[in-house]
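Before any comments, here is the structure.
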Amino acid sequence: MPRAAPPALLLPLLGLAAAAAADCPSSTWVQFQDSCYIFLQEAIKVESIEDVRNQCTNHGADMISIHNEEENAFILDTLKKQWKDPADILLGMFFDTDDASFKWFDNSNMTFNKWSDQEDDEELVDTCAFLHTKTGDWKKGNCEVSSVEGTLCKAAIPYEKKYLSDNRILISALVIASTVILTVLGAVVWFLYKRSLDSGFTTVFSAAHQSPYNDDCVLVVAEENEYDIQFN
């Protein structure tokens, strides 16, 4: 039987799982779903939340926005495992006095919240939102902070890049699959060809060493020759 395709041919498949990671700007970013995250681990002095936001925009991102429980949990887990674990993270959120609601700086919809139990009648002008890293709850606080321990930024993966990445993975998978199939077929054909050659060589070799007469024929011929000699 032909041997299976060498494992080395399958090694490129291992790279497909990591292909999506290349969608983030660099290895210092962490990807989750359709976004990339980076925690700028440096304390900075600020006069307003815009100073914090500028830290993110300088990296082509914006302050963090959170849209579901899974993302909230991911941020908490990553803060503990990979980043310094500050007590609170400033969220990219502001209070819009025009319609008396909180909004994200990145203009995404407010589809999720994790507010801790607080009084609803508190003054919300100049109020910012913070993620408490120990509990995962959000809490309101004064935007006039003098410093922050670090800035958490988020950048969405562009649609074009995601689309190209998905197609690149599909094309790579098809190419690798085709290569493996052709390799296996080639191995089968080569095996059958070698077996055919070996079989033909054995047949010729056997025929070359086979006498055209058996023992009985040789004995009869010898007796006839002896009889002819006696009567001549």
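Positions of Cβ are set from backbone N, Cα and C atoms, glycine also.
Per Swiss-Prot, the cysteine from C143, C153 that shares a disulfide bond with C128 is C143. Its Cβ placed at the centre, C128 (disulfide bond) has 21 other Cβ atoms within 10 Å. Per DSSP, the secondary structure of the topological domain 'Extracellular' (23-168) breaks down as 33 helix, 44 strand, 69 coil.
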